[in-house]
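Worksheet: one structure, shown below.
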């Protein structure tokens, strides 16, 4: 649906986890010199002001990136993320802007790497185009990112990092995402896939993840953070990343990251888990 605007949620706790893990996955892949492609199925606007009407209306970033902004002693797993957010706010002592996934990847892209960004919302697609201003390393595609992902695979580099993070506004999104990811893997089995998911109704989320577990795909890792016990009446209670083909050591890095994040977020009923749901 075209009603979803990520500006309302930019920098919240789910973004912190998603973007910190994304940067670590990219960093691990870049230990090899060979170029790679980053594909984002729901790219958004590129970057966000935390002082505009969207962010101010919810204030979600205050309990997300706002908790980390003034921290000076973080493990490397989180420091990379915070350094990038601070760089995006260069010349600003206060937190006023938040980089979306495309901006974060752009700050870490090597000359031999490239990005393919899909965005369906026409306003965000225009902002994305203006942000990258004909950057030769970036291809922006207006339209359905799930269909676009399948059309883009396999990439010529044979090395890739894929982020799938839809809004899940439509209940059928859960099934569609799972089936698309399975099809994507069959076209490009060596890619690293990060599927972001919310927990609003646990049964719905687990049905999607169960489909992936039963698909025959090996090496599936769950990275999940909860801010309160599951409850269908209080919106999103947790969020996570389901990673297929995680780079070596990403599981340990994510565990260190979440052990640090949990007390910082000051959610007394929160919890986290990093578990291999399907092994080698």
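The chain as shown is numbered from 1 upward.
Glycine is treated like the rest: Cβ placed from N, Cα and C.
Automatic prediction, not curation, is the source of TrEMBL annotations.
Record features (TrEMBL):
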- 165: active site, proton acceptor (ACT_SITE)
- 19, 42, 101, 119, 144, 145, 165: S-adenosyl-L-methionine binding site (BINDING)
- 4: site 'Interaction with substrate rRNA' (SITE)
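Feature annotations (TrEMBL) mapped to structure.
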| residue | record | Cβ within 10 Å |
| --- | --- | --- |
| 19 | S-adenosyl-L-methionine binding site | 25 |
| 42 | S-adenosyl-L-methionine binding site | 23 |
| 101 | S-adenosyl-L-methionine binding site | 25 |
| 119 | S-adenosyl-L-methionine binding site | 27 |
| 144 | S-adenosyl-L-methionine binding site | 17 |
| 145 | S-adenosyl-L-methionine binding site | 25 |
| 165 | active site, proton acceptor | 25 |
Which ones, of the binding-site residues 42, 119, 144, have a Cα no more than 10 Å from the Cα of residue 165 (active site, proton acceptor)?
42
Quick check: in three-state DSSP terms, what is residue 42 (S-adenosyl-L-methionine binding site)?
coil
Which secondary structure state does DSSP assign to residue 144 (S-adenosyl-L-methionine binding site), in the simple three-class scheme?
coil
Looking only at DSSP and grouping its letters into three states, which state does the residue listed as 'active site, proton acceptor' belong to?
coil
Could you state, as a whole number of Å, the largest distance between Cα atoms of any two of 19, 42, 101, 119, 144, 145, 165, the listed S-adenosyl-L-methionine binders?
22
Work out the three-state DSSP category of residue 101 (S-adenosyl-L-methionine binding site).
helix
